[in-house]
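Remarks on the structure that follows.
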Amino acid sequence: MSTAPTTSSAPAADTAAVRTALSSMPRPPRPGPLSTALTFGWRGMLKIKHVPEQLLDVTITPVLFVVMFTYLFGGAIAGSTGAYLRYLLPGILVMSVVFTTVYSGVSLNTDMTKGVVERFRSLPIWRPAPLVGALLGDTLRYVLAGSVIVLLGLVLGYRPPAGPGGVLSGMVLVVVFSFGLSWVFTTVGLLLRSPGAVMNGGFMVLFPLTFLSNVFVDPTTLPGWLEAFVAVNPISHLVTATRGLMEGTATTGDVGLVLATAVGLTAVFAPLTAYLYRNRV
Amino acid sequence: MTVDTGLAVEATGLVKTFGATRAVDGVDLAVRRGSVYGVLGPNGAGKTTTIRMLATLLRPDTGSARVLGHDVVREADTVRGLVSLTGQLASVDEELTGRENLVLLGRLLGLTRAAARARAAELLDAFGLAEASGRLVKGYSGGMRRRLDIAASIVVTPELMFLDEPTTGLDPRSRSQVWDIVRALAAAGATILLCTQYLDEADRLADGIAVIDHGRVIAEGTPAQLKASVGSAALHVRLLDPDRRPEAERLLARALGGVHREPDAAALSAPCADAEQAADAVAGLARAGIPVAGFALGQPSLDEVFLALTGRPAEAAPGTGEETAT
C-alpha cells in the first residue's frame with residue numbers, strides 16, 4: 001500500500017549528519033523585541049494560511065446579518081434598504097471584527113495545552129513576544145474580516161459620504177480598538193480551562209454588548225433603562241465614532257474616547273496577560 | 001557572575017511544592033560538562049519538575065541551581081541563551097509544517113531569513129525528515145515528531161540539552177532511532193540531561209544516573225554501579241499454575257537471592273548475575289515439578305531497581321499530576 005510510507009519506509013536520522021549539524025551552528029546575536037514579535041506574527045499568519053476555513057466562522061455570520069437585516073428590516077426601520085444599509089454597515093463592521101477578538105483568547109488557550117509553549121518559554125527572547133506577535137497576526141484577521149464587510153457593503157450599494165478615506169480611517173479605528181479588546185480575551189484565555197469555555201464566555205459577553213448597542217437601531221427608540229445602558233456601552237462609542245468617520249461627521253471626542261478605551265484596555269490587560277503567561281505552571 | 005566549576009548543572013536542595021504535594025523535595029545534582037546524565041524515576045517522581053526548574057520555566061521554592069555557572073533564578077535569561085529543552089509533550093507546533101517549525105526557531109534565535117532556511121534544510125536532511133518537511137506536524141508519527149523536536153533543540157548549538165522522556169510512547173524502532181540521535185549528539189560533545197522511566201535507556205545512553213523517587217535522589221552512580229546494586233539481569237518466570245507460586249518463590253529466593261511477585265498472579269521475577277545462574281534457577285523449578293509456561297532473561301526493570309533500592313516497587317506518587325501537566 002502506498003498510504004503508509006511514513007511507518008514502513010521512513011528514512012531514519014543520518015547520525016553523521018546530525019553530528020555535523022550539531023557542531024556547525026554558532027549562536028547568532030539575539031534578535032530585538034520587535035523582530036521577535038514579528039516572527040510570532042508570521043507564525044499566526046502561517047496558521048491562517050494552512051487552515052483558511054477558520055476565517056469562515058468570523059465572516060459568514062456578519063455577512064448573513066448584513067443581508068438579512070438590510071432586506072428584512074431595512075424598510076421598516078429606516079424607510080428604505082439603502083438608508084438602513086448606510087446606518088447598519090459601520091455597526092456590522094464593528095460587530096464582525098469585535099467577535100474575531102475572542103479567537104485570540106481561544107487560540108492562546110489552545111496553545112497553552114501544547115508543548116510548544118514550553119519551548120517558547122525556554123528561549124532567550126523578549127518574554128511577551130509570543131503574545132504581542134500572536135495579536136499582530138490576529139490584526140491581519142481583523143483587517144480581513146473588516147474588508148469582507150466593506151466589500152459586501154459596496155456590492156450592495158453602500159456609498160459613504162466620507163469616501164474611501166473615511167472608510168479606511170473607520171477600519172483603522174476598529175482594528176486599533178480590537179487590538180486593545182483582544183488583551184481582555186487573552187487574559188480570559190489564560191484563566192479558563194478549555195478553548196470551548198473561552199469561546200462561550202467570550203460570546204456570552206459580546207452578544208449582549210453588540211446587540212444592546214447602536215449597531216442595529218437608533219437608541220432613542222429604546223426604553224429609557226436600555227437607552228442608558230447603550231449610552232455607556234463602549235461598543236456603542238466605537239460604532240458612533242466609526243459611523244462618524246464614514247459619514248464625515250466624527251468629532252475628536254468620539255474618536256478620542258475610543259482610542260482612550262483601547263489604550264486603557266491594553267494598559268490593564270496586556271501586563272495581566274503577560275504575568276499569567278509567565279507564571280503559568 | 002560566572003563561577004566555572006566545570007559542572008554543567010549544579011543543584012542543591014531544590015524544592016518545589018504544588019499545593020500539598022512536595023513534587024521535588026530537596027534534589028541535589030551535579031552534572032559534568034560533556035556528559036550524558038540520566039535522571040531515572042517513575043511517573044510523578046519529580047523528574048519533569050526538576051528539569052523545568054533547571055530550564056528556568058519554574059522557580060524553585062527553596063534551594064538553588066546553577067546551569068553552566070549561571071543561577072537559574074537571578075540569571076534566567078542568560079541560562080535560556082545556553083540551553084535547549086525538549087519537553088515531555090513534543091515541543092513543536094503541530095499546526096505548522098516541519099520546515100516552518102525549524103525556520104521559526106531559527107528566526108527567533110536570531111538567524112537571518114536565509115540562514116534560518118538553510119539551517120532548517122540541513123537539519124531536516126540530517127534527521128530524515130526532508131520528505132515530510134512540507135507536511136503539517138499534526139500528521140507526523142510519534143517518532144518523526146520526536147526527531148523534529150530534537151532537531152528543533154539544536155537549531156543553534158546549545159551548551160546543554162534537556163531531554164524529558166524522549167522515547168516515552170514510541171515504538172521500538174523509533175526508540176532506537178532516537179537513541180542513535182542522542183548518541184550522535186553525545187559524540188559531538190553535547191552535555192545532555194536526560195529524564196527517563198527506563199533503566200535500559202539510561203544504561204545505554206548515560207554516563208551517570210541519579211535515581212529519583214518522591215522528589216528525592218535515592219541513588220546515584222554510573223550505570224555499572226547501579227546495576228551492581230540491583231543485579232545486571234533479571235529472570236522473569238511465568239508458571240502454568242498460579243497456585244504454585246509460593247513454592248516457586250521459595251525456590252527462586254534460595255537460588256537467586258531476592259524475588260519479586262509481578263502483578264500477574266502466575267509471574268515472578270528475580271535479579272540474577274548471568275544467564276547461567278538463571279538457567280540453573282529455571283532447572284531447579286523443573287526438578288521440583290513446578291511446570292513453567294515461559295521464562296525470559298532481561299534487564300532489570302525500573303521496578304526491580306526500586307525494589308532493590310527502596311524495598312518497594314516503583315509507583316506513581318499519589319495525587320501528583322505534575323509530571324504530565326504543562
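Glycine is treated like the rest: Cβ placed from N, Cα and C.
Quick look at what TrEMBL annotates:
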- A:53-280: domain 'ABC transmembrane type-2' (DOMAIN)
- A:55-78: transmembrane segment (TRANSMEM)
- A:84-108: transmembrane segment (TRANSMEM)
- A:129-156: transmembrane segment (TRANSMEM)
- A:168-191: transmembrane segment (TRANSMEM)
- A:198-217: transmembrane segment (TRANSMEM)
- A:255-277: transmembrane segment (TRANSMEM)
Long-range Cβ neighbours of the transmembrane segment (A:84-108) (under 8 Å; 6 or more residues past either end): 47, 54, 58-59, 61-62, 65-66, 69-70, 73-75, 77-78, 131, 134-135, 138, 141-142, 145-146, 148-150, 153, 156-158, 160, 170-171, 174-175, 177-178, 181-182, 184-190, 195, 198-199, 202-203, 206, 209-210, 213-216, 218, 235, 238-239, 242-243, 245-247
Outside the transmembrane segment (A:55-78), six or more residues from its ends: residues with CB under 8 Å to it: 48, 84-85, 87-89, 92, 95-96, 99-100, 103, 141, 144-145, 148-149, 152-153, 156, 216-217
Same-chain residue ranges lying at least 6 outside the transmembrane segment (A:168-191) that approach it to Cβ under 8 Å: 90, 93-94, 97-98, 100-102, 104-109, 112, 131, 134-135, 138-139, 142-143, 146-147, 150, 198, 201-202, 238, 241-243, 245-246, 255, 258-259, 261-266, 268-270, 272-273, 276-277, 280
